[in-house]
Structure formats: C-alpha cells, structure tokens
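Asker: Mind looking over this structure? Questions follow.
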Amino acid sequence: MFAPLLKKLFGSKNEREVKRMLKTVSIVNAFEEKMVALSDEQLRGKTAEFKERLAKGETLDQLLPEAFAVAREAGKRVMGMRHFDVQLIGGMTLHEGMIAEMRTGEGKTLVGTLAVYLNALSGKGVHVVTVNDYLARRDANWMRPLYEFLGLSVGIVSAFQPPEEKRAAYASDITYGTNNEFGFDYLRDNMAFSQEEKFQRELNFAVIDEVDSILIDEARTPLIISGQAEDSSKLYIEINRLIPRLTQHIEEVEGQVTQEGHFTIDEKSRQVELNEAGHQFIEEMLTQAGLLAEGESLYSAHNLGLLTHVYAGLRAHKLFHRNVEYIVQDGQVLLIDEHTGRTMPGRRLSEGLHQAIEAKENLNIQAESQTLASTTFQNYFRLYTKLSGMTGTADTEAFEFQSIYALNVMVIPPNKPLARKDFNDLVYLTADEKYAAIIADIKESMTKGRPILVGTATIETSEHMSNLLKKEGIDHKVLNAKYHEKEAEIIAQAGAPGALTIATNMAGRGTDILLGGNWEAEVAALENPSAEQIAQIKADWQKRHQQVIEAGGLHVIASERHESRRIDNQLRGRSGRQGDPGSSRFYLSLEDSLMRIFASDRVKNFMKALGMQSGEAIEHRMVTNAIEKAQRKVEGRNFDIRKQLLEYDDVANEQRKVIYHMRNSLLAAENIGDTIVEFRQEVLDATISQHIPPQSLPEQWDVAGLEASLASDFAMKLPIQQWLDEDDHLYEETLREKLLNEITTAYTEKEDQAGIEALRTFEKQILLRVLDDLWKDHLSTMDHLRHGIHLRGYAQKNPKQEYKRESFSLFQELLESIKRDTIRVLSHVQVRREDPIEEEARLRREAEELASRMQFQHAAAPGLESEQLSEEGAEVAVAAAPVRNDQKLGRNEPCWCGSGKKFKHCHGQIE
C-alpha cells in the first residue's frame, strides 16, 4: 500500500544505488586533470604504485577512484575512447559483484576494463568469460593494448591449445575464454595426476559478458568429461524402424477422443508418454523383431534399458524437428540454441536421444558415453570468490540471479535517452494473414529507405519468410545457423538504407548494427587503402548515416514472440542504440506456438467477441498483457525447473567438493605413507569386525571367512584357526594386534624391495587411479538414482529427501571403497626396483596417452516436471577419456589374482 508512495519520496533501490555511485564518479572526475598531466611512463607506473599500496594494507575500494581515473586516461591515449560517467557506474557495479544491465551500444566491453584493471591489481587473476571463441579473441585483442600499456598481461584460453600455452594464459593477470573452456579446465584439473599438469589458479574474480545467456540459458547444461560406453547402434536402427508405426492419441478439451493412438504429447512440458495400447503394441513389435523375449515386459528390471531406447526414439521423431531444434550438416546432427539461433558444435543430447536422432536421419551413429567427471555452470561459477556480469537484458531475471547466485542487478542509465518507438503487438487469426501484414510493413519501410531487421524464432520460419519475399521480388539477406559464417558480413551492412535482413535470434549478440552500414568493414575489404579512399568511404557513410536517421532509423519486425521476454527485448535492442531513432513491432497469430499453447483461449474468445474478419488484426493492451502473462508463466516454470535441478545437483556438488579436495590434497602431498597406514588399519578393522563382531563369543566368529577376506584384501594367507587352537589367550583385541603386525611387516618387506621413495610415488598413483575409477562409477550410480527417484513420490515419500538420504549412503560406501580397493591393489601388486629415469618416462608416456585420447562434448539440459526428473535428452558438455584394454584379459573378466574383483578394478589399473 505504501510502496508506491515510498518509491516516489525516496526513489527505487536502483535509483538510490545510482545516486550513491555518482558521488564516487565525482571523485574519479576530480582526478582527471591530474592524470592528463602525467606522461605515458608516469601513468604506466601507477600500476606498480597501486600494487605496492595494496601490499601495505589499502583495499581495492580505497584505490577505486584513482584506479578508474588511470584506466580512463589510458583508454583515451591507447584506444581513443573516454569512459562516460555512466560507464564508470557500470565499472563500479561490476567491482561490487553485481550485474550491470546496459542497453545495446552503451559500450559494455569498455566498461569491463575498469573493474578488470582494478581487480587484476591484486595479482590473483581475473577471468573475462564470453559465450564463444570469436568474442573471446576479439575482445582480448581489442583491449590488449590498453592492459599492456598499464603493465598487465593478457591471455586467451581455447580448446585444443598446447598445455604450456594454456598454463601461461591462466598465469596472466587477465584471462579471456568461453564459459565452456573455463568449466572444462576446472574438470581437467581435477583429473590431473600431478600439480604440474593443472591449469587454473584459485578462482578469484570473473566478469561474465552476456551473463543472462551463460547463467540462465545455459544453467541446465551440465559440463561432462566422459569415456566411451558399449556400442548400441544396431539397437537404435532397429527401434527407429518401429517408431513410425506408432500413432498419436488425440483428445479434444471436453475429453472427446478424436484419434485413438499409442502415445500422447504434452507440448508445454515437451514430454511424450506411451499409453496402455502403446505399451502393448510396442512390446508386440519388439518381440516380433527379436529384441524382447516372448512373454517379457518392457518394465522388467533387465529391460529398462530397452524402454529408454524406445522413449528416445519416440522423442526423436515427435519432439525434435529438423531445421527447428537441429540441422544436419556434414553428416552430423548439430543442435540449435533456442536462445541464440546458433548451432552448438560438439554438444550432444544425453540418454541416447542424440543417437536416436542420428538413426532417424540415417546418419552414422556415434557411440554412447560414460561420465568420468561433471559439474554445472551454476555450481562452477559459484566457486569464484567474486562474480559479476554484463548484459543488455537482465532485469526480467533479477529474482533468479539473486536467489541462485546472490547477484543483484543494476540497471545502468543510458548515456543518451532512448529514442526508439515500441509499437503494440498486432495479433491475427492465422499465420498466413500475419506474414502478409509483415510483407506490407516491409514494403512501406523500404519505400522510406529504412533498414529492416526481421526476427524469427526458428530456421524454418526464416526460410519460409525468405521464400515469401522471393515471390514478391524483394531483395534480402538471410542470417541463420545454416549461414553463420556470413554473420559478420551481413550484420556489418544490415543498417544500410533499404537493407532487409531476415535473422533468427543469433542476430548479432556482441555486435552492433550501425545506421548507414559499417564503413570500417568497407575499408577492411580493400587491400592497402589510401588515405583518400578511406576519407571518401567515411564521407559516403556519413551521408548514408544521415539518410537513415532522417528516414526513422532501423525498423525491427518480429514474426512471433519467444517464450522469454528477455529474448524479445534483445531483438528490440538491435534498434535505437546510443540514442539513435528506431522502431519495433511484433506480429503474432493464434497459430504461433506460444499463443497456441499458453495464451490462445482468452485471446481467441476476445477476438470472436469483436467479430473479427479475415485479414483484420487486433492491437490492444489486453492482448499484450495476456501474452506477457503467458511469457511470465513459462519463465516461472523454467525457473522452477532450473532451481529444482540445482537442488538435486547441490547434493552431488557437495560430494564433488569433498572428492576434489581429497584429490588436490593428494597431489600436493610429498608423501602419503601416513594416509596409507591409516587406510590399512581402518580396512583391517572393518574386515575383522565383519567376521568377528565386537564383544562376541568365539563360537560366533567366522574364522574361515576372515581368512578368505584377508587373502582377498591383503594377499595374506594366515593360519588364524591354527593360531587360535595353539593359543588359548588369543582374544579379539590381541588377534587384531597380531594381524596388524603381520600385515605391516609384509608391507615393510615390500618397501625394502622397491625402495621407500619408489613405493611412495606408486602409492600416490594407485590411490589417484582408484579414486578416479570409483568416482566415475559413483557418478553413474547417482545418475541412475536421480532418474528413478521421482517414483518414490507414489509411495508418499519426498523424492528430494530420499535422494539426499540415499546419496549420502552411497557416498559413505564410496569413501570406504576407496580405502579398501587402494589397500587391495597395493597388497597384491608385485614390486621391483625401476630406474628413476625409466619410471619418469613411463609415467610421462601414460599421461600423454591419456591426454591424446580425451574428447569433449556438450549435453542438453534435463527438464523437470514437478518432482519428476526427466533427463532424457539432457544437453551435456562432454569430454571423453580413454578406455584401457588389456590384450589378455577383458576388463570385466575376473582378475587373475583371485581377489574376486573385475580385472579393471584390480591389476588392470596398474599393469
């Protein structure tokens, strides 16, 4: 009730923050005259002075005004660009660990230099994170002269970079790279076998460009390093032949069945479900195909894998469409990012869905993979001591940024007021009427000489629009994932008078559409242009620029609304940069997916009440409100999905932290002998307690079982029954001591044979390998648990609580298994002295072989419906490690040593 009054009296929180920062801006401006008077050498020397002051106890906050003044002056001298006052506010926002929302063309890249320079003074490193390699290289090379002028080093990390080059990049004061590469390097570091192999330092401060894209759109995408699993390509092909025989079951709203079928599709949640008839029919077909035994059920425990394949095939055929969710290029299925319209090379759908699409498209089916290490962007970026970001559209997601990342959003005032006109949406009954209206708008704008950008949600729509324009004889350019290599060229001239560009959502995030076209691109196209040619190109551009401004600037036409208001705002933001004139209009129809699924009934009834005729449009605030309400509903649902996924992943994340801390401690330790002694004692105690329960009577002892366990776990054949027969005073405690002495003596003899130093090195290698192998199996077990945990809801149990409880139990088992398996391998192994040079060369060869056989990919985000985790088709960023195969014994065969373990878990790890 009082909120509007208080806001009027004191201003919004954002306005109060801006006022607070303006006081600091005044202090920065007061330093300007002093900085102008400094020579280049003196200005450069300020960096060393700041570092010295930090070492003496000053804080970065105390240095901020003077450091910003230094960065501003350096920008003027090196780049020819002076930071505006509002850009200083943006820099302060980033330094304070917030998200700066700045409109298109307000100079986000330049804003970043202020916070990056200030925080790099600490010497702990700053990471500048971008969405792709092109932007990382462009921004790093663009700003490198500024940072190097100020005495700071700049590095770029990228995929397939030589290890030494990558380590040097991470050791730099400022490191540029993509979110994927930073995340993968974190996982690689936690699979390293020595400190020297690691890349990253402690994660200090990150500035994320297009932060909404990375922390919101990519939040559900796990980063995974994986190894190859067994080949199931024949099964995918067989099931792909059966799926087209299934038909969809359709019901009207009143519950009237209009088509009997085998499965239902829920478009809102993007789920497909087999009904009873569908289950029966698919089981019959699988039995006829010889894939399911006669009388067997798909729901039998040993057939659940087959059921997963059936659902993957069904989703591939019914939910994933060519040129909408993916394209086929060079014999590969390339996924399309729904938020940007760009292809995502290397990214694959999980749970067999990608293979099912490959089978559908008659392509070569790539092998499935097994997870070796994983994390999510949500959990990776929360590891930084301080996090900040920049984007043109964050305010609509402010609640999510705050609740998940503890990041506040600051809307930075524009340097010049916005002059763009955003017209109300026009809604038509059919898509054909909508396209006819768009073409009429295009023709009208072209006669005025205005550049036009038509935004579409899919490649399919962009190509349909292009075909309509060809029929009308209208010249245009198409920009979508199929023609992404021409992106820079098309965007450069999209602002020329009368230029018409049809684009998916990829339309130039990170690039500006300049009114009149881009004169710099014209100059770059010439070989050794003369000063006269450059001057002429500039003069011609100035005329075109003025012509476009007088015509009304860039006109943005959207062919439909996206599920997210943020994506719509990004498209609008292409027009009206830095106070330029412009306009935007959204054209919709009741046949659009958003309208059909979420908003159609109310709007359709409203249009019927008005008695609308074919070709007529409705332009009313009620309609716009209904659409925005539908978008908020979708955004809220997607937020719930991301939040719920995070709650589940947080469980795995806590375990990941423990394992990675254990691993890093091992790598850092010179000697793990004491750890092995502790492990040996704990494993022995547990083994004895299993067969001789504490405070039990001798009649209850399982001596034969204890002898067998000691032979299996410690490679010790000890005559315990004989000892007991010969010594009446050998009780439980004295027996424990005797066994420990025997086992310790045997291991000491091993030390004497191999040499203490060699054995300590060997112990570390074995413990690391056992830990990695068991962690990999644990991840797989956790994955299976997560897939089926929603079923606990039917037993009136809370799936999240059950998941936490069972995960904890599994983790306890993992920690015990690490100890037990390490001791088992070390006890069974036969050691010999090895020449130190030979040993080092062997370890190096193994490390190089491991590195050369690793591969990386990305997998799609799982969707959640209420408590159900549906991770079929989850997108993943994945890196695959080698699978070792022994020539004599299969990895899954029993080990020759008689331990009862599989060869891969025993001597297969060290031979």
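Each residue, glycine too, has its Cβ placed from N, Cα and C.
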Asker: The ATP site in Swiss-Prot includes GLN87, GLY105, GLU106, GLY107, LYS108, THR109. Which of ASP512, ASP540, ASP568, ASP592 is also listed there?
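Answerer: Given GLN87, GLY105, GLU106, GLY107, LYS108, THR109 bind ATP in Swiss-Prot, the matching entry from ASP512, ASP540, ASP568, ASP592 is ASP512.
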Asker: Helix, strand or coil at LYS108 (ATP binding site), per DSSP?
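Answerer: Its secondary structure by DSSP: helix.
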Asker: An 8 Å radius from the center of the GLN87, GLY105, GLU106, GLY107, LYS108, THR109, ASP512 Cβ atoms defines the neighbourhood of the ATP site; name the other residues of that chain inside it, in order.
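Answerer: Sorted by sequence, the hits are MET102, THR104, LEU110, VAL111.
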Asker: For ASP512 (ATP binding site), which DSSP three-state class applies?
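Answerer: Going by the DSSP assignment, ASP512 (ATP binding site) belongs to neither helix nor strand, so it counts as coil.
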Asker: If you draw a 10 Å sphere around the Cβ of THR109 (ATP binding site), how many other Cβ atoms fall inside it, taking every protein chain shown into account?
Answerer: 16
Asker: Would you identify which of the binding-site residues GLN87, GLY107, ASP512 has the most other C-beta atoms lying within 10 angstroms of its C-beta?
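Answerer: Counting every other Cβ within 10 Å of each candidate, the maximum falls on GLN87.
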Asker: Measure the Cβ-based neighbour count of LYS108 (ATP binding site), defined as the other Cβ atoms within 10 Å of its Cβ.
Answerer: 25
Asker: What whole-number value in Å do you get for the largest C-alpha pair distance within GLN87, GLY105, GLU106, GLY107, LYS108, THR109, ASP512, the residues recorded as binding ATP?
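Answerer: Overall maximum Cα spacing for these binding residues reaches 18 Å.
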